[in-house]
Amino acid sequence: MFACDELLLNASTIDATGLQLSNQAIVIKKGRIEWCGSEDQLPAHFQESAKSRKDCHGQLITPGLIDCHTHLVYAGHRAAEFRLKLQGVSYADIAKSGGGILSTVQMTRDASEEELIDQSLPRLLALKNEGVTTVEIKSGYGLDLQNELKMLKVARQLGEMAGVRVKTTFLGAHAVGPEFKGNSQAYVDFLCNEMLPAAKNMDLVDTVDVFCESIAFSIRQAEQIFQAAKDLNLPIKCHAEQLSNMGASSLAARYGALSCDHLEFLDENGALNMVKANTVAVLLPGAFYFLKEKQKPPVDLLRQVGVGMAIATDSNPGSSPTTSLLLMMSMACQFFSMSIPEVLSAVTYQASRALGMEKDIGSIEAGKIADLVLWSIKDSAALCYYFAYPLPHQTMVAGEWVS
């Protein structure tokens, strides 16, 4: 009888705050971390009776990385719009000519489930290739009942196909469905009364998100959707304070939001309300870069008041066409002046909090699922120093090496 399934020795690791630890051992049993800590404190029975053991030679082991904000499922792309933007055409003019988000909506509606899988699976596999073991995927390019459900179904299937843990987020409130043009309130009513309950009844939704902004949904409409989610016992998230300060972060915090995302225009009141609600700030440097934004999220304020900060790709065709969480880590250091430990925590522990999964994943602690990444480096700073490099040496999901 073996005391454990896998014993990892002579490793460097990081703690939940992102600080590096040396001479560490990790014990894996039945897909979870049985024990972890300094190797000189390793209980003898694990050392004597391990089914398998690996000498890591001082190389870094992190928790499996977590991309906690993506719009990964969609059809087509918007490269033609990128060309127009470079020629000086405004986003408003692009939208008036049929471009923008509604062009992605049309392409996504036109695609079958199989076509969506064919186009989206490579994006998920690209994240997996960087050591990402958990991904949040939003709907929001269907904007009607049939196609929002289709997107959520595809997201679930992608997780099974890729061997990646997928959490789904219903983002029907991404934009107003074209059938409801000029009547956003009727769309919100339909979303709350028909779309969201259907997604819940089919077990397709884990969380609910709203894009609360002057160009999207009002505070009153966001609250209506949050209340509908609460009535269905679904946790909420919010695209908040990206383009202006509407007070969306305070509203979301009042409903116990797991996270508020973007936050370039967050003020102190919103940050304090987020602290009280234990709400995570999800920062999205890819969108900041691609949109050439000038206003940075208030990282110093978030630090001062104690809001946990996560980082994600925001992978989407309109404002962050990337599948590299490693690149986002480097960008967060350079653009947002985040420290290396902050960034490492942001894509592990804080990202798990943003998904409400911190009891199971996000840090190397006894009792948690054994999602781990072994890197061919010894200094954790290298993960932020390089651009989208190095790739993992090996990745473990639930106690099994998958690469």
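Yeah, the Cβs are placed from backbone N, Cα and C, and that goes for glycine too.
These figures come from a predicted structure and were not determined experimentally.
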To which of His239, His393 does Swiss-Prot also attribute binding of Zn(2+) at the site defined by His69, His71, Asp314? His239
Annotated companion of Asn316, Gly318 at the N-formimidoyl-L-glutamate site, Swiss-Prot, chosen from Tyr141, Tyr187: Tyr141
Same-site 4-imidazolone-5-propanoate binder from Arg53, Arg78, Arg83, given that Swiss-Prot records Tyr141, His174, Gln242, Ser319: Arg78
Looking only at DSSP and grouping its letters into three states, which state does Asn316 (N-formimidoyl-L-glutamate binding site) belong to? strand
Just going by other Cβ atoms within 10 Å, which of the binding-site residues His69, His71, Arg78, His174, His239 has the emptiest spot? Arg78
Near Asn316 (N-formimidoyl-L-glutamate binding site), which residues of its own chain have a C-beta under 8 A away, given they sit six or more steps off in sequence? Thr70, His71, Leu72, Tyr74
Excluding near sequence neighbours, so keeping only residues 6 or more apart in the same chain, what lies with its CB under 8 A of Tyr141 (4-imidazolone-5-propanoate binding site)? His71, Val73, Tyr74, Ala75, Ile101, Thr104, Val105, Thr108, Asn147, Met151, His174
List, in sequence order, the residues of the same chain other than His69, His71, His239, Asp314 whose Cβ lies within 8 Å of the centroid of the Cβ atoms of the recorded Zn(2+) site. Thr70, Lys138, Asp261, His262, Val282, Leu284, Ala287, Ala312, Ser315, Asn316, Ser320
Across all the protein chains here, work out how many other Cβ atoms are within 10 Å of the Cβ of Ser319 (4-imidazolone-5-propanoate binding site). 20
Cβ within 8 Å of the mean position of the Cβ atoms of Tyr141, Asn316, Gly318: remaining residues of the chain near N-formimidoyl-L-glutamate: His71, Tyr74, Ile101, Thr104, Gly140, His174, Pro317, Ser319
